[in-house]
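As recorded in Swiss-Prot, the features of this protein are as follows:
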type	residues	note
MOTIF	82-89	motif 'Cysteine switch'
BINDING	Cys84, His218, His222, His228	Zn(2+) 2 binding site
BINDING	Asp175, Gly176, Gly178, Ile180	Ca(2+) binding site
ACT_SITE	Glu219	active site
REGION	260-279	region 'Disordered'
COMPBIAS	263-277	compositional bias 'Low complexity'
DISULFID	Cys297-Cys483	disulfide bond
REPEAT	298-342	repeat 'Hemopexin 1'
REPEAT	343-385	repeat 'Hemopexin 2'
REPEAT	387-435	repeat 'Hemopexin 3'
REPEAT	436-483	repeat 'Hemopexin 4'
Amino acid sequence: MARAACLLRAISRALLLPLPLLLLLLLLLPPQLMARARPPENHRHRPVKRVPQLLPAALPNSLPSVPASHWVPGPASSSRPLRCGVPDPPDVLNARNRQKRFVLSGGRWEKTDLTYRILRFPWQLVREQVRQTVAEALRVWSEVTPLTFTEVHEGRADIMIDFTRYWHGDNLPFDGPGGILAHAFFPKTHREGDVHFDYDETWTIGDKGTDLLQVAAHEFGHVLGLQHTTAAKALMSPFYTFRYPLSLSPDDRRGIQHLYGRPQLTPTSPTPTLSSQAGTDTNEIALQEPEVPPEVCETSFDAVSTIRGELFFFKAGFVWRLRSGQLQPGYPALASRHWQGLPSPVDAAFEDAQGQIWFFQGAQYWVYDGEKPVLGPAPLSKLGLQGSPVHAALVWGPEKNKIYFFRGGDYWRFHPRTQRVDNPVPRRTTDWRGVPSEIDAAFQDAEGYAYFLRGHLYWKFDPVKVKVLESFPRPIGPDFFDCAEPANTFR
């Protein structure tokens, strides 16, 4: 009480108020102001929830282009494993997704010969060291695929490599030493092929700092179209671990070969030749020169099919790929680049309503789910067909529920549900008014017109009038591949 009285007298002197008047004012104050603040009962012992902080790349629609990866190391003393900082795709952490571990980004390069350019270099390493390390990191991928990588020193390259700092033009700033090490962008994105390394990291060759080889090889995997994987010891694992020597895991290899196929074997020594002496046994093998695709303006085609909305022309083991009427870069290419184990040449091809792709050769057929083989070789007799091969296959109708097989002057209707032709006795192609009696290939366009190819010519069939349009046949080369118009054009 004595202490309170002293305090009141001090306040009274400070405010120049008589003590009785000060006591009166205190009695008139509301009781809420005189009570000590205390938390509500239901919050007193409740722990504070901490909201996790998401990386910018984890926020949907927050950036113009989502990068393929950020390598994020923790402090050396931390027990948390070092990892790539971009959130993993949901399937990567799905416990049910065990058989196929590798995850694709949804994009891939449409050619196999890629160029790269290094714009700026880290200060810790001489330029030649960086060039050798980048080449070695790319070689990890080229050794198991048909991909090749060539360094260029000016202009725009397919893969642009840069060592940069903080804000550098892609809304994904670096953060100085530690933290984010690098990021890369997938194919078919706004910044496809860009690979950025944080200039402020301690870049080294080996485990005495941040190993450039390990990080570069991982980022190049993203640039080629691979996402993260949960497979143990995979280079594309989101967790950063120094490994020596650097190599791909079986999961990495399966993923990249799913996108680009296996490497093409070429002789590395002078080509051996067979002995010219008749009857002489020899174990020398005469290796053929690498095949070259036929001249598109001068060839006929073995098969044509609309696959995933794009037009594929097949000839002698090669394929031409047209999207919106334009031949895509990197084509013609070997058909085995997309469909491993596919025989050459194919006689016919079509895509059914479920997206499965059927190929025919001789008395057998194969079925692929995208680029994954699911059936074959299987005999044509399984489909109710006997005798000689199918020459052409046509998917007709908006729902892809009408499939026709052509052979010579005959045709059959095939039912995907029963996996059989409706009648083993064929009908005559004269039912298709104006179509030649024998055809090489057939397909349907997005507007419902059917096309029949024979030799260098094609016929366009009207589904409403049920006959070939006037002014046909037309030459294939000028209309599909911008070849010069022949002098004897059919009009």
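Using the three backbone atoms N, Cα and C, a Cβ is placed for every residue, glycine included.
What Swiss-Prot annotates, mapped onto the structure for a quick look.
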residue	record	Cβ within 10 Å
Asp175	Ca(2+) binding site	14
Gly176	Ca(2+) binding site	13
Gly178	Ca(2+) binding site	16
Ile180	Ca(2+) binding site	23
His218	Zn(2+) 2 binding site	28
Glu219	active site	28
His222	Zn(2+) 2 binding site	24
His228	Zn(2+) 2 binding site	26
Cys297	disulfide bond	15
Cys483	disulfide bond	16
Positions whose Cβ lies under 8 angstroms from the repeat 'Hemopexin 2' (343-385), at least six residues beyond its ends: 258, 302-308, 312, 314-317, 335-336, 391-395, 399-401, 403, 405-406, 412, 414, 416, 419-421, 424, 441, 443
Number of helical, extended and coil residues in the repeat 'Hemopexin 1' (298-342), per DSSP: 4 helix, 21 strand, 20 coil
Assigned conformation of His218 (Zn(2+) 2 binding site) - DSSP reduced to three states: helix
Separation of alpha carbons, Cys297 (disulfide bond) and His218 (Zn(2+) 2 binding site) (Å): 42
Euclidean distance between Cα atoms of His222 (Zn(2+) 2 binding site) and Cys297 (disulfide bond), Å: 37
From Asp175, Gly176, Gly178, Cys483: recorded positions whose CA lies within 10 A of His228 (Zn(2+) 2 binding site): none
Shortest C-alpha distance to His222 (Zn(2+) 2 binding site) - which of the recorded positions Asp175, Gly178, Ile180, Cys483: Ile180
Mean of the pLDDT scores, which run from 0 to 100, over the motif 'Cysteine switch' (82-89): 48
